[in-house]
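J.: According to TrEMBL, the record shows the following:
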type	residues	note
TRANSMEM	61-79	transmembrane segment
TRANSMEM	95-114	transmembrane segment
TRANSMEM	126-145	transmembrane segment
TRANSMEM	154-175	transmembrane segment
TRANSMEM	181-198	transmembrane segment
TRANSMEM	205-222	transmembrane segment
TRANSMEM	259-277	transmembrane segment
TRANSMEM	297-315	transmembrane segment
TRANSMEM	327-350	transmembrane segment
TRANSMEM	362-382	transmembrane segment
Amino acid sequence: MLGYLQNFFKWEAAGGVLLAFATVIALCIANSPFSEAYVQFFQLPVIVKIGEFGLDKTLLLWINDGLMAVFFLLVGLELKREWLEGELSNAKSRVLPGIAALFGMIVPALFYVFFTQDDPTRMRGWAIPAATDIAFALGVLSLFGSRIPIGLKIFLVTLAIIDDVGAILIIAIFYTSQLSLIALGLSGVLVFALYLLNRKNVYAILPYILLGSVLWFCVLKSGVHATIAGVLLAFCIPLQSVSQSISPLKKLEHELHPYVVFFILPLFAFANAGVSINTQSLASLDTVSQGVASGLLLGKPIGVLLGTWLGMVLFKAKLPNGVNLRLLLGMAFLCGIGFTMSLFISFLAFDVNHLQLAAESRLAILLASATAACIGALFIYWETRSRGT
């Protein structure tokens with residue numbers, strides 16, 4: 001399991017570097033003479049039609065609704081594996097990161113609500129600062145090499161995975177549009193069919209992918225965000241196989257990981273992080289920006305530290321070996337790197353009728369995430385500077 005985790009850290013750390021590169025490129029283009037072409041490119045219509053059924057969406061929506069469903073499929077696979085045989089399989093190992101993750105979502109949301117409580121439209125973004133971008137956070141940790149205790153990395157990954165569970169529930173419950181009962185019913189039938197495949201010991205991946213594709217279409221039409229289909233599909237894919245030595249779930253997870261880390265997430269960042277930064281945009285920042293920035297920079301570390309302290313006091317849980325308060329403080333600030341999931345929730349919270357709020361929230365996410373990364377890195381550097389490289 002340790003070898004698997006080390007490979008996971010390498011994938012995510014490399015992905016974090018690529019995410020940062022894609023973000024910088026998007027910001028450069030969005031603040032150049034090519035900014036209008038950049039926006040128009042992602043608004044190009046893309047039509048997919050099979051017989052009588054068809055979908056007509058912009059390129060941006062295909063990325064955010066379609067490709068991001070594959071990202072959520074990978075998240076779901078990781079959640080299931082960790083819950084059944086990984087760091088989350090032991091109830092004791094779930095307590096401390098679980099409480100830290102819970103308060104790390106509640107406190108940032110409260111900070112956001114404090115600034116936006118007078119406007120229901122702005123309040124829709126309350127979940128934006130509640131998320132953690134594991135790829136970016138691990139990318140920062142990777143800069144310190146072997147000076148970082150493996151226990152700190154595992155604690156961060158476990159916290160981020162539980163954080164992802166919360167984000168998935170938030171998206172499913174709070175960012176659902178008007179429901180279509182027919183599409184929702186068909187989605188339920190398809191999930192049951194996937195469950196039967198699992199119970200009947202069907203280990204071939206293709207039937208799951210075919211049904212999962214139809215499930216994605218039905219969930220999209222139901223009013224629930226289509227990315228949830230990826231999570232539902234992941235939970236139905238079998239972890240163990242009687243007839244095969246290789247786990248179907250682990251095999252699919254291993255095959256998806258490079259595509260998600262090196263293509264889907266950088267493309268998502270490139271498509272969504274292009275925000276114009278000038279004196280006018282900075283001067284127009286309002287309560288949405290204040291809520292997002294304070295939630296990520298203050299709420300997230302305060303929540304993580306508070307949750308960790310409560311877990312240690314109430315449940316007698318202990319910090320991982322080699323982790324002290326200063327390292328924990330640095331990690332808590334790294335949890336304020338919201339980025340991917342925060343950008344995604346911003347996309348859900350503010351639609352085409354609120355483009356100004358969407359732009360302000362994205363700018364705040366980028367600035368706050370970068371600041372949180374720098375502060376977290378400084379704390380960790382000060383604590384580990386005397387250790388070997």
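Sequential numbering from 1, following the chain as shown.
Every residue gets a Cβ built from N, Cα and C, even glycine.
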J.: The transmembrane segment (126-145): which same-chain residues, six or more beyond its ends, come within Cβ distance under 8 Å?
T.: 9-10, 12-17, 19-20, 104-106, 108-109, 111-113, 116, 152-153, 156-157, 159-161, 163-164, 166-167, 170, 174-175, 261, 265, 291-292, 294-296, 299-300, 331, 334-342, 345-346, 349, 361, 365, 368-369, 373, 376-377, 380-381, 384, 389
J.: Below 8 Å between Cβ atoms, which of the listed ranges 95-114, 205-222, 297-315 makes the most pairs with the transmembrane segment (61-79)?
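T.: Looking only at 95-114, 205-222, 297-315, the most contacts with the transmembrane segment (61-79) come from 205-222.
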J.: Counting only residues 6 or more past its boundaries, what in the same chain has a CB within less than 8 Å of a CB in the transmembrane segment (95-114)?
T.: 123, 125-132, 155, 158-160, 162-163, 166, 291-292, 294-296, 298-300, 302-308, 310-312, 315, 317-319, 332, 335
J.: Out of 154-175, 181-198, 259-277, 297-315, 362-382, which stretch touches the transmembrane segment (327-350) the most, going by CB pairs under 8 Å?
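T.: If we count Cβ pairs closer than 8 Å to the transmembrane segment (327-350), 362-382 scores highest.
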